Amino acid sequence: MKKSVVSKEYQKLQKEIISLQEQWKSSINADRIQPNLDKAAMEAGVPVTALAAIDFDIPLFLQWIEDISELLSKYQPDIEQSMESLKKSLNEETAKRWIDEAFAFNYVYFASFAEENSLDQWIPSFVAETVLRPYLQVTAEKVQDEIHHGVHGSGCPVCGEPVRLAQLEGEGKKVLHCPRCSAHWHDRRVTCSHCGNNDHETVKVLTIEGESAVQIQVCEECKGYTKIIDTRQYIVKPTPAMLDLNTIHLDFVAQDQGYKAAGETKQTN
Amino acid sequence: MAEYIKYVDVTKCDGCRACMVACKNWNDLPAEPEEFQGSVQSHAKVTANTWNVLSFIEHEDSKGNLDYLFRHSSCFHCSEAACVKVCPENAMHYTDFGTVNVDSDKCVGCGYCVQNCPFDVVQLATYKDKNGKEYKKAQKCTMCVDRLEEGMQPACVTTCHTDAMEFGTKEEMLKKAEKRLSEIKDKYPNAMIYNPEGVGGTHTIYVLAEKPSVYGLPEKPKVPTSAVVWKDYAQPIGKMMLGATSMALVGAFVSNKLFNKEGKGHEEEGGGSHE
């Protein structure tokens, strides 16, 4: 989209990262991922990847880190040195640890890693997340046929990422898309995808003047929001990751109005 | 950039006219109340403020059966557009998408495009300036170029609930049209794909159930010869002649300077004419 608030340059970088990830995905042997589709766990909202047995190819993982470092240095020559020291500080041992921590979204670990190795705060978590995604996406592709619905409040049924993006399909079906692992699942139209509230009085819609294809569904119960994009109107459908990035102004609008990316779970007592 | 076209399958259209509403809505066009014209059709044809009209045709086929035909009609966005050819101000132009648009700042309202459009689509809209003086500008469907620039499909296409209209790459849409044609050939033996070559193909192609003339369309539209003569011959020659005249002027000036030294000859000649 032309009118995105995101700069052309950053969009280009993200597109290159995504195509790099696509390249990496093709080098993953899908048989090394054994998802365990435990019905009870899925009903309880446990993400599929948490139970899947994934046999990570560590040398490949380290190679990817090199690839992404190269790409980032190309766009930001002044971080080349940091990237070099990052590569030096990584070995098989830390790579394994990284995978675990990236899975768990452990920002504290990555923050301390950055501090120990005197790197910019964002670098380790960004790199770890970028190189983990291909595995999540391959897992999602493998189990997509079994993913029909999510558990409200548990985020993406495959990777656990909080819900924030939906696309409209067919006659207006709301399909939630995970910008992290690209899994998608159906949810009812007038239902908060965070807390499951389906009271039409408290599930509201914010619209942006002049943007006919976007809505922000907000919930007065949990104060969560979901961006709903009518991509049926698009000429070419973007990847969920790019769509999420290019609609970032909706996140600003929603958060400005006091809504949160992940809804609050109500305390029962 | 891939070439995109609008594909209209009239056999899927149910005449709901949502495309007309979507067009008025998106392009902010004023309503044009019309008298009852004897059929469900609202306007006789597209106008300067109604860029998209659904035509309803009561057609009797060769066996004497009545068929009720619908057609979404708007600008065809010809690849070799007569309006672009004849426009003296270059207001009519091709966009990056291959569609044809009017640059209102350049348009002087001369109406050549109106006279030369083989499909009778372009019309002049009348406006009033702040002094109350009337002026005209050519207006027509823009294929929602402001939406295309945003990566979105035209408004009429997105609103169509029977999928009679689609927007996609030329290759894909032509393939779709061929496939659809083979499906409906049994029911409509005269069915055809309307993508006339005389105007270099169009950016709105149709799958028609009957011959084009049944829908009030020209069977073999082409860029009028006068338009070709005007733009391809008359204008360049005119410019050449302008060049020749200015060359002659320069020549005269130089020769005057060279051959009438000290300005004598000039004075004498000038003086002579006064007598």
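Using N, Cα and C of the backbone, Cβ positions are placed for all residues, glycine too.
All annotation found in TrEMBL is predicted automatically rather than curated by experts.
Sequence-distant contacts of the domain '4Fe-4S ferredoxin-type' (B:4-34) (same chain, at least 6 residues past either end, Cβ-Cβ under 8 Å): 40, 42-43, 47, 49-54, 56, 68-72, 74, 77, 97-98, 141-144, 147-148, 154-170, 173-174, 176-177, 180, 184, 188, 191, 202-209, 215. As annotated by TrEMBL, domain '4Fe-4S ferredoxin-type' applies to B:4-34 (among others).
The [4Fe-4S] cluster 1 binding site feature in TrEMBL is assigned to B:Cys13, B:Cys16, B:Cys19, B:Cys160. Same-chain residues at least 6 positions away in sequence with a Cβ under 8 Å from that of B:Cys13 ([4Fe-4S] cluster 1 binding site) are, in sequence order, B:Leu54, B:Phe70, B:Arg71, B:His72, B:Thr162, B:Ala164. Look at B:Cys13 ([4Fe-4S] cluster 1 binding site): DSSP puts it in coil.
All protein chains considered, the CB of B:Cys141 ([4Fe-4S] cluster 2 binding site) has 26 other CB atoms within 10 Å. Taken residue by residue with DSSP, B:Cys141 ([4Fe-4S] cluster 2 binding site) is part of neither helix nor strand, so it is coil. According to TrEMBL, the [4Fe-4S] cluster 2 binding site annotation covers B:Cys23, B:Cys141, B:Cys144, B:Cys156.
When Cβ-Cβ distances below 8 Å are used as the criterion, the domain '4Fe-4S ferredoxin-type' (B:66-97) is approached by residues 1, 3-4, 6, 8, 10, 13-15, 19, 23, 45-46, 51-60, 103-108, 110, 112-113, 115-119, 121-122, 138, 140-141, 143, 145, 148, 156, 164-165, 199-204, 206, 208-210, 214-215, 223-224, 227-228, 230-232 of the same chain, each at least six residues removed from its ends. Summarising the annotation, TrEMBL assigns domain '4Fe-4S ferredoxin-type' to B:66-97 (among others).
When Cβ atoms from all protein chains are considered, those within 10 Å of B:Cys78 ([4Fe-4S] cluster 3 binding site) total 29, not counting its own. The [4Fe-4S] cluster 3 binding site annotation in TrEMBL covers B:Cys75, B:Cys78, B:Cys83, B:Cys117.
When secondary structure is read from DSSP and collapsed to three states, B:Cys113 ([4Fe-4S] cluster 4 binding site) falls in the helix class. Sequence annotations record features per position, and here TrEMBL assigns [4Fe-4S] cluster 4 binding site to B:Cys87, B:Cys107, B:Cys110, B:Cys113.
The annotation domain '4Fe-4S ferredoxin-type' is assigned in TrEMBL to B:98-127 (among others).
Taking the mean position of the Cβ atoms of B:Cys23, B:Cys141, B:Cys144, B:Cys156 as the [4Fe-4S] cluster 2 site, the remaining residues of that chain whose Cβ falls within 8 Å of it are B:Cys19, B:Ala22, B:Trp26, B:Asn27, B:Trp51, B:Asn52, B:Ser74, B:Thr142, B:Met143, B:Pro154, B:Ala155. Other C-beta atoms found within 10 angstroms of the C-beta of B:Cys156 ([4Fe-4S] cluster 2 binding site) number 25, with every protein chain shown included. When the binding-site residues B:Cys87, B:Cys107, B:Cys144 are ranked by how far their Cα is from the Cα of B:Cys117 ([4Fe-4S] cluster 3 binding site), B:Cys87 comes first. Ranking the binding-site residues B:Cys83, B:Cys110 by how many Cβ atoms sit within 10 Å of each one's Cβ puts B:Cys83 at the top.
Shown for the domain '4Fe-4S ferredoxin-type' (B:66-97): DSSP residue counts in helix, strand and coil, namely 5 helix, 12 strand, 15 coil.
Taking the Cβ of B:Cys160 ([4Fe-4S] cluster 1 binding site) as reference, residues of its chain lying under 8 Å away and at least six apart in sequence are, in sequence order, B:Ala18, B:Cys19. On its own chain, B:Cys87 ([4Fe-4S] cluster 4 binding site) has B:His93, B:Tyr112, B:Cys113 as residues at least 6 apart in sequence with a Cβ closer than 8 Å to its own Cβ.
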